């Protein structure tokens, strides 16, 4: 009887102690300060779907909630979720907690998270309020770049091992692609972003998700005007569209009901009539339209982007762009 | 203090009848109803939300009993703070509109019409987009400085050799507002996208992240600015009849008008600095107060403050709870309510003119 009672007390003590082991903490410095975070968090809420939630889910982190978007019919979705990983709120246990700039603090608190992760787009006052619920880290993905952001997310979620293995495989594939392509520094590529209304054309030097990372890792060149951009992106004048000519142009667009390859081509024509004649890349079929969210900030995005580059640049002959003297 | 009730008014007298306060009965009744509606809105706000808390637990938490740390956070830190902030911000924006309308003798005057909100918005967007390394705790100060600077610029530009002109003040305000808004839009369009996104919620007028610090700030300023406004309400009443009539009655018109403008700008600047620009509250509330219960200036100001508090509290409650977890900024809802009212006021004033 005494033995049984002792065992019961021991079992109870172990049971009570185990959450304490699970919540062992460590110090972590994020963009908004230094916090004590769980070594192995059990319930994470992401304050951005594409930049935070998808990489965490991909790493196998315990994601219980995420900010997301709402379509015209009022349905919530994770931007790029279905495109990249085949996930959405409907087919996962991830709860919708509002838009990234309209977060429902109570919905987040109701999930009892032990870690909350946002970014530079998170309202600092909201982040401050959320500190009362759980350590709220703002990871500055803009300053870190794609790979270091993924590495940081893996670190804070206790999934560094998963990330390191997958990232090494990606680096090996990059080397393999380079061996197929040859001297990548003599091949130039421009990255653009067009909206369906054709009102603006954005040109990216860097920071356009996985594709920008892959092009940089493989070592491609950029037209001089793009390489010289002070910011990572710029709104481009229609009169200077010929300056964007390169061996290849990767033209991104955001997948939405009114944005299809046809409407985006029409948008380019509206933005700069006769644009295709001004770009030899377009004349030679080396203008590639890409749905942006598919190549977002995930390892799957990096893998997809690398495959795309291999298929487009190494997998077929192309006409090199010769800059006028 | 004794109260004497006449058919349409209540007269409060001090013991030796040195002071007497005449209150229109209808205004008192309307004020009581408004305060009751405000109290009910606050009560519903405290009991409603995405975090499921039983009403009994909410009451226990408000009585200081800790059921859980999470419930304490939700009730005290999230719901109570934002509900009080909404009410205070609404009252301040409404009073700002009333003072501006009286000072400019223009029923369409509103903090956003004379550049106060736009100045605050430009300052915050500049801080967020251009100087992202500066701590966000400077945001309220930047907003306040932006609002004050624009208000001073408008007043400076509106001055002529003959002194200030209310029409020039309004026109300069509209012009400068448009100019400032275009700079803000350019920053949002061409600035670093993550930084611009961070400013979006604030620009939409969201009370989402209001904290007790914000509540104390608003309360402290209310405690200074509301009595200041009430203290000059007698002269403000005289100004209703026009500048010449007010001077004839011996009122220090110039001083009071400048004081009104200063208080109006300060009220709007403080409110905007905490929650962002909230459109139309300052425009609607004084008109609604006038329509609901015509009263003397002091009572009109109190009614206006109550209507502003109720309007923004309701907007915040609806925006927070109606489509949860989708959060609709209170600024969007006040604009949705305000635009039809604005048009109705314009049509009504046109009909009156004809």
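Each position is counted from 1, following the chain as shown.
Positions of Cβ are set from backbone N, Cα and C atoms, glycine also.
Whatever TrEMBL says is automated annotation, not expert-curated.
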Open item on the list: Looking at B:49-69, B:112-132, which stretch does TrEMBL describe as transmembrane segment?
Closed with: B:112-132
Task: Contacting positions for the transmembrane segment (B:210-232) when only residues 6+ beyond its ends and CB under 8 Å are counted - done: 77, 81-82, 84-86, 88-89, 91-92, 95, 99, 140, 256, 259-260, 263, 266-267, 270-271, 274-275, 298, 301, 305
TODO: Please figure out which one of B:112-132, B:169-190, B:297-318, B:330-347 racks up the most CB pairs under 8 Å against the transmembrane segment (B:138-157).
DONE: B:112-132
TODO: Tell me, please, if the transmembrane segment (B:297-318) and the transmembrane segment (B:112-132) are in contact, taking contact as 3+ Cβ pairs under 8 Å between residues separated by 6 or more positions?
DONE: no
